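In what follows, a single structure is set out as structure tokens and then discussed.
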Amino acid sequence: MTTETGIPEVVKASSETMSADGKPEKPNPSMFPKRQKRDTPKEYSYLRCEYKLPHKNHRQCHMQRKAEEKFCAQHVLLQKDSYAGRERVVCPVDPGHTVWADELQQHMYKCNKVKERMQKEREGWHRDDMNISNPEAKPCVGKKSDITVDYAKWIPVVEAAFKDVEEVPVEILNHEKGLAKRMTEVQNKKHALQQASLIAHMEKTGLLKSSSRILEFGAGRAELSRYINYAICAERQQDDKTAANYLFIDRAMPRMKMDGKLVKDTKDDFPEQPLPLIKRLKMDIKDLMLDGVPVEGPYDANLIVSKHLCGCATDLTLQCLLNSAVFTKEARPAALVIALCCRQICNVQMFPKAGIEWLQERGFDDDGFAALTRMTSWVLCGERPKKEPVEGEQTEAADNETPAPVGHPSGLPAEARKVIGLKCRRLLDQGRLHALRKEGLDARLVQYTEMDISPENVCLIVNK
């Protein structure tokens with residue numbers, strides 16, 4: 001029903017409702033009933049596979065099935081081994097799907113995994129496992145529980161070896177020009193503060209400039225490179241017309257990438273400057289032959305960066321650089337600034353060989369290395385701090401609270417385990433330093449931010 005003005009009566013009535021002080025009142029929710037849930041399931045215009053996907057919370061498969069079958073071609077093997085005399089077999093290239101046995105030969109020409117493999121073979125920068133430094137080493141199998149680690153044996157070894165570890169100085173810096181805009185855009189400044197310090201450390205290397213090639217390993221969305229680009233633009237001289245050169249490397253292709261933001265920021269805030277040149281590689285660092293990657297434009301230095309590159313990826317990156325001309329044969333200067341992370345997933349097969357030897361000299365065999373990586377997680381194993389009560393806010397009864405776990409297999413309280421975990425971190429980092437210095441590189445560690453900003457607050461800096 002509508003009024004003479006054409007406004008629905010319900011809406012007009014709600015818009016004319018005023019409170020005692022003359023301000024309009026919010027409309028009554030009962031006047032706008034919620035949309036009712038569908039009583040019957042959604043109907044599909046095709047015969048849908050009846051298989052419930054266990055890894056998708058038992059959601060029904062969306063593939064089409066034949067009228068005489070319950071399942072689609074992918075799941076028909078769950079009902080019987082063959083259909084009309086035809087047998088389905090697992091694809092030899094990708095075990096994640098099946099094909100008809102009599103169509104296997106044709107399938108090998110159109111399988112997506114086969115196409116990916118052929119594409120990699122055509123690329124000049126892909127070599128399977130070339131950056132795994134210790135392929136002959138015994139791989140770590142699965143995740144070890146705390147009970148399987150002999151703490152009585154390995155904690156004293158950690159304490160004794162820690163005497164050879166260098167102190168990590170605190171160097172918290174700030175890059176005001178490059179991150180000034182960023183600081184005003186975010187309410188939670190934790191990431192911005194870390195980025196500002198890392199970029200300032202890059203500037204100290206002397207290679208934060210438009211003529212450097214910026215290589216971000218484990219780039220993800222390339223958020224760090226976005227603000228590196230902004231910092232370079234903010235510091236650029238007026239007569240500098242060199243286009244900045246970026247290479248992003250990640251084995252995933254994340255959504256909401258910021259590659260375009262680098263170009264947009266330059267257009268909007270620095271319209272007189274040349275637009276950056278960007279190339280993104282989707283590949284695993286373990287297979288990357290860096291010297292084979294084509295360069296987008298001229299450059300006179302290499303700056304390798306990453307923020308919180310996980311343990312295995314850090315070691316693969318270091319080996320990738322040592323296998324390339326960047327840190328060995330090239331005359332161009334090079335520097336590396338990486339915020340370290342996730343040492344609990346370091347692997348003896350990927351850790352620098354000279355670093356493994358350094359640890360072995362201090363009593364860590366393969367089991368000791370596994371124990372070392374396991375105990376690094378103790379840095380974050382302390383009890384979660386209790387939330388401070390807010391005035392006027394109800395708090396749960398004490399008898400409803402879940403008590404913190406007690407009786408850790410190591411026999412140590414949380415604070416003592418945290419100290420041991422930090423020492424294990426430093427031992428792994430010292431092994432990396434030893435390996436890099438053995439190659440003639442200038443390598444050091446710094447605490448680039450406070451631990452309450454990020455528990456992973458150590459940065460590896462390398463200069464050629």
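Just so you know, glycine gets a Cβ as well, placed from its N, Cα and C.
Residues annotated as region 'Disordered' in Swiss-Prot: 1-40 (among others).
What Swiss-Prot lists as zinc finger is 88-115, and the listing cites sequence analysis. Residue counts for the zinc finger (88-115) under DSSP, helix first, then strand, then coil, are 14 helix, 6 strand, 8 coil.
Under the heading Zn(2+) binding site, Swiss-Prot lists C91, H97, H107, C111, citing sequence analysis as support. Within 10 Å of the Cβ of H97 (Zn(2+) binding site) there are 15 other Cβ atoms, across all protein chains.
What Swiss-Prot records for 385-412 (among others) is region 'Disordered'.
Under a cutoff of 8 A between CB atoms, and with a sequence separation of 6+ in the same chain, the neighbours of C91 (Zn(2+) binding site) are H97, T98, V99, L104, H107, C111, K113.
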